[in-house]
Amino acid sequence: MTYIPAEKLEQEAKELLDKLDFDKMKPRERMQIPMQEMPSQEPAVRAKNIEEVALGYYEEQVKIEAERCLQCKNAPCIKGCPVGINIPGFLKAAAEGDYQKSVDIIKESSMLPAICGRVCPQETQCMELCTVGKGLKDKDKSVAIGRVERFVADWERETGKMSLPEIAPATGKKVGIVGSGPAGLTAAADIRKAGHEVVLFEAFHKLGGVMVYGIPEFRLPKAILDKEVENLLSMGVKIEKNFLVGRTRKLSDLLEKDGYDALFIGTGAGLPNFMNIEGENLVGVFSANEFLTRANLMKAYTPDKADTPIYTGKKTAVIGGGNVAMDAARMALRVGAEEVYVIYRRTEKEMPARREEVVHAQEEGIHFNFLTNPKRVISDGKGHVAGIECLRYELGEPDDSGRRRPVAIEGSEFVLEMDSVIMALGNSSNPLISQTAKEISVNKWGNITVDEDGKTSMDRVYAGGDIVLGAATVILAMGEGRRAAESINKLLASE
Amino acid sequence: MSRILSKIHLSKDVFQMKLQAPNIARERKAGQFVILQADSDYTERIPLTIADADAEEGSITIIFQVVGKTTLNLALMNEGDVIENVLGPLGQPTHIENFGTVVCVGGGIGVAPLHPIAQAMKDAGNRVITIVGARTKELLILEDEMRAIADEFIVCTDDGSYGRKDLVTKPLQEICESEKPDVAVVIGPPVMMKFCAETTRPYGIKTYASLNTIMVDGTGMCGGCRVTVGNETKFVCVDGPEFDAHLVDFDTMMLRLTSFKTIEQKSNHECHLEKAIEKL
């Protein structure tokens, strides 16, 4: 992947579309159609603004990309989707230019298509199993399912014809959803559809959970998130903002005193991990959560308007190799850092971040130090960060994750001068619910344990998403919310 | 949304507000705090202690000092105005039991969070000795309220304009000598808490400090409030705000509190603040 100007991509797609006759194509010929690259803002320009980086497909590109789908009878892609979207179905409708039908097919399974089309790790889900990618021996050349999904979702939103699912007659039952991230929103929609009253509790003042505080504007514009959430709420879901379940009200009180028939906990994994190294609490060391919350939720990227301060210094190190590390690094570049270094202890190949995000970061000028990990944070003598002392690493035998284990090379210490450090090492489960509801069982990592129906050890209480899985992805959390919603609907229907 | 039910100008730059917040008033316990934000866009979220609450009226009382732009904006709001977002109660409640004799030490604005704790300690049957301190007489808050609770009440000012001309550590040391209290609770500026901890340490008196650190969300998510306690990293919002004062690394905490000082000073000259407060 290298940057190609958007106009050039459009031109190429137009020329290609004129040449191709899809009706007469055999699968083998279809597989020769080149994958359509995503148009994006020019790297040097976007590194200085907060606007969305990926611009979305041109209509010609949608047509071509959707026609790349072989419409396999066994549809392996669906098995790779945590919410089981009928992928060949929506691609076929998109190829025919019936975008409404296409988005309606997606919405049978996912209420958040504009979000998923942007932030799903498609290459490790649907695209990983795609026959086209398998045939070309490159999953990055599979049908770009998410990009087409994004297009039809954007089309629907922009044409203002957002459709609502049908809602069953009122049942008189009431369900509380704790947390308005992807798991909670999905569960809310599915439970509401069954005719139950649904109340969504959110500790923050904005809905969306990690999608609003964690994922930056340049990757998921808040206006799009808000619109998708608003659409869901128009199904009649009630909201209680500034409400921290566990503190503002205990789970048991909601059930016993406030008349809730069931609860779903989708609070996410909101407790940032640190490395427990010397100097970690120096001034200038931040968790990615804090950094991104200041930037995204509190809009610190508009310094003339926002009251919430943010600090990057001139040289910023981001520790970690996941999507959050990429988000933090690219945000740091946009809010003031002159040089940003991603420090990751394995190699580029093992990075958990999406390939597309890594490439975008590289194009924007982020530096990468692979096989490197900090040993301590160095103070300037006044309590501020002056640098990090690092060790070089090499890859040893594969570990439990199947990736080769990084091993520190003894005596390889070296110093990188930095004036801020952002730790993006993932999150542990937030202890708040388990602190205040002893009936809820958690495992040794503090994740809530659930049975195959998503039910916790507490009667009528279900859980899903990162609080169960540990830190995962938006779509996996949605899958969890969906599963628990089905169980709750079944429970309430049986009474 | 929380309506401001009343507003009192307590001292030079300290204000007391009663807010409509029935859910928080119902659940709050001594030692807990709220996070508030004047409106949803562009404003900062700040943690403030709950100085008092009335569950029947559905109200909580906050006391805050104007130290920056956000607290200044809050001070400019009036009775009847609405604060868009108030989240709470947050943090672990204070561990209250009948210890015997409890000495409560409050400095400056720290007297506000100390008030409900002293009250709860008294209600639990403790003999409560209270020491309150301020730079000067006008900065002293909640004197009558604290005096009403305490079995013994001592006031100190740095400049001697009222009560004893001493730092609060002086009477604290005397009490450690004479009364041998069972527990000490200290709340105030970090440097005061640090020296109170050093005062009680040689006597082996269990001492709790309530920490007020930089905080964004108050639910454990951001990690900005972290402090070193007994060589472990703890989050003030979910593990605290109270910790064993003898284990807290106050020096690191004080440094971390300066994290955004340069930026804040740039956006908000102190002279502007003073002028704005004078107008109030």
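Keep in mind that glycine also has a Cβ here, set from the backbone N, Cα and C atoms.
As given in TrEMBL:
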| type | residues | note |
| --- | --- | --- |
| DOMAIN | B:1-96 | domain 'FAD-binding FR-type' |
| BINDING | B:Ile63, B:Phe64, B:Gln65 | FAD binding site |
| BINDING | B:Cys222, B:Cys225, B:Cys237 | [2Fe-2S] cluster binding site |
**Request:** Give the sequence-ordered list of residues that share a chain with B:Gln65 (FAD binding site), lie 6 or more positions from it, and have CB atoms under 8 Å from its CB.
**Result:** B:Asp13, B:Val14, B:Phe15, B:Thr71, B:Gly108, B:Ile109
**Item:** Cβ-based proximity (under 8 Å) of the binding-site residues B:Ile63, B:Phe64, B:Gln65, B:Cys225, B:Cys237 to chain A, or none
**Value:** none
**Request:** Could you tell me how many residues in the domain 'FAD-binding FR-type' (B:1-96) are helical, how many are strand and how many are coil under DSSP?
**Result:** 13 helix, 46 strand, 37 coil
**Item:** Assigned conformation of B:Cys237 ([2Fe-2S] cluster binding site) - DSSP reduced to three states
**Value:** helix
**Message:** Whole-number answer please: how many Å between the C-alpha atoms of B:Ile63 (FAD binding site) and B:Cys237 ([2Fe-2S] cluster binding site)?
**Reply:** 19
**Message:** For the FAD site (B:Ile63, B:Phe64, B:Gln65), what does the 8 A shell look like? I mean other same-chain residues with CB within 8 A of the CB centroid.
**Reply:** B:Leu10, B:Val14, B:Phe15, B:Gln16, B:Leu48, B:Ile62, B:Val66, B:Thr71, B:Ile109, B:Ala112
**Integer Cα-Cα distance in angstrom, B:Cys225 ([2Fe-2S] cluster binding site) to B:Phe64 (FAD binding site)** = 19
**Fill in**
Rounded mean pLDDT within the domain 'FAD-binding FR-type' (B:1-96) lands at 92
**Fill in**
For B:Cys237 ([2Fe-2S] cluster binding site), the same-chain residues 6+ apart in sequence with C-beta under 8 angstroms from its C-beta are B:Pro47, B:Leu90, B:Gly91, B:Met215, B:Asp217, B:Gly218, B:Thr219, B:Gly220, B:Cys225
**Asked** Taking the Cα atoms as reference points, how far is B:Cys222 ([2Fe-2S] cluster binding site) from B:Phe64 (FAD binding site) in Å?
**Response** 23
**Request:** Count, for each of the binding-site residues B:Ile63, B:Cys222, B:Cys225, the other C-beta atoms lying within 10 angstroms of its own C-beta, and report the residue with the smallest count.
**Result:** B:Ile63
